[in-house]
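Novice: The structure's right below; bear with me while I get my questions together.
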Amino acid sequence: METRSSARRKRLNEMGGNGDFTPETSEKNTSVPHLTSTSDMAIGKWKFNKVILSTHFNIFLYATCFWIQIGTLPYLTKKLGVDPVFFGYLQTTFAVVQLCGGPVYGRFGDMFGGRAAMALAFACASVSYFVLGIADTFFWLFLSRLPSVFMHAMQGGQMIVTDLGEEGQRADALGKLGLSYGVGMVIGPFLGGLVTKFFSEQTAAFVACIGSVLSIGVVWVFVPQRTKKSQGKESSGSAVFSLKKILALVTAPGAGFLLFIRMLAGLPIGVFQSMFSVFAMETFKLPAEQNGYLLSYVGVLTMIVQGLGVGVLTKKFSENDILKWSSFLLVWSYLALAFVTDVFQLCVVMVPLVVGLASSNIVVSSALTKTVSDQDTGAMLGLNMAVNSLIRTISPTVGGFLLKSYGFQSFGYLGFVMLGISTIILFIKLRQ
């Protein structure tokens, strides 16, 4: 084990030599029954893996339901008399709960398989949206955030495509999963806005609940109990929550650096996203319906970049180069954001912002899974998700303060400074 660890550390400390983060694995894993050609289905001239296809459908449905309630939540809180400060507290609660659940959910998926993990995620989502639908006070709004502790369907989907795909095509596979999420992100706010306009905010939450219940059925029918190509000895004997295991993953060669970059580069966009619906409503005076259209526009951009752009980039450039230059692009995108004064300008600036963010996030996620063995990819994705949750924990408080004290432009200046630091670190660390 020491020999393997030393070899991997040497390889990862030289990041930039061959443009990837792939460790040299030498463990012998016990094979388990795996998916065969019977898992394939034909649609016209194309063949698809049923498990992968159903996972994409579920991620689409998850994103649709999630963005239905995200787009309507600010208007529901305002309807119940909750001010922007308490709305920030509500967002922080959601992030803290997910932060606690992310690493545990990843270990749960590694140990009990993709079917159990995905079903758990959608069960938690359906409960969360149902409670939101019956909420008539701030207390019930708060309670609606608690079931989201294991509402990590995107992480579960990433686990499945990571298990089934080839390592060299992992970033492309994760990007295509983002394509399905992007479609849901387009439809969700639009649908949520229409339901809110013609019915109510609570009705939109119930629609999201029904969609999540449907996903549980799809998971149970199409996703096998196990998706990993091999089963390590540890998976059946260790506790779901193991602090020792989590520390070992964080200290894996290359993992700590990637998680740090994720945190540094993720905070500005976390602040921006946490206040997106608020500044759309307060600064740009957009009603719920038009706010939904704006979120759908961002979803289209994300869908194009993740589903198509990342695959092209990974074929032509190394992961190191994508990380460095996407960070460089984000520096100037955030600076441009600081000078936005209307919705049209915001839509223009969102193009390079989404390109840089989507490329960077997918490459980091792919690279992180390559720093550990196949048996621990779920747990590593959980840590990656935990960083995002930690960002979302801090973001609403920071975003609310910046918006109230310095205005919308402060989001751009924050991103310019932090991505400037991140870019300098990446160009030094990953120099060739």
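Quick reminder: no glycine exception, Cβ is built from N, Cα and C everywhere.
Straight from TrEMBL, here's the annotation block:
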type	residues	note
COMPBIAS	1-11	compositional bias 'Basic residues'
DOMAIN	51-432	domain 'Major facilitator superfamily (MFS) profile'
REGION	1-34	region 'Disordered'
TRANSMEM	51-70	transmembrane segment
TRANSMEM	116-143	transmembrane segment
TRANSMEM	179-199	transmembrane segment
TRANSMEM	205-225	transmembrane segment
TRANSMEM	246-272	transmembrane segment
TRANSMEM	292-313	transmembrane segment
TRANSMEM	334-358	transmembrane segment
TRANSMEM	411-430	transmembrane segment
Novice: Short question: which residues 6 or more past the ends of the transmembrane segment (411-430) have a Cβ under 8 Å from it?
Specialist: 15-16, 257, 261, 264-265, 267-269, 271-272, 275, 320, 323-324, 327-328, 330-331, 333-340, 399, 402-403
Novice: Restricting attention to the domain 'Major facilitator superfamily (MFS) profile' (51-432), give the mean pLDDT.
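Specialist: Taking every residue in the domain 'Major facilitator superfamily (MFS) profile' (51-432) and averaging pLDDT yields 82.
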Novice: By a Cβ-Cβ criterion of under 8 Å, what residues six or more beyond either terminus of the transmembrane segment (116-143) are in contact with it?
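Specialist: Answer is 55, 58, 62, 65-66, 69, 73, 76-77, 80-82, 86, 90, 93, 105, 108-109, 149-153, 155-157, 159-160, 202-203, 205-206, 208-209, 212-213, 215-216, 219-220, 223, 225, 378.
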Novice: Does the transmembrane segment (51-70) come near the transmembrane segment (205-225), with 3+ Cβ pairs under 8 Å (pairs 6 or more apart)?
Specialist: yes
Novice: Residues sitting near the transmembrane segment (179-199): Cβ under 8 Å, six or more positions beyond its termini, same chain?
Specialist: 56-57, 59-72, 75, 154, 207-208, 288-296, 298-300, 302-304, 306-308
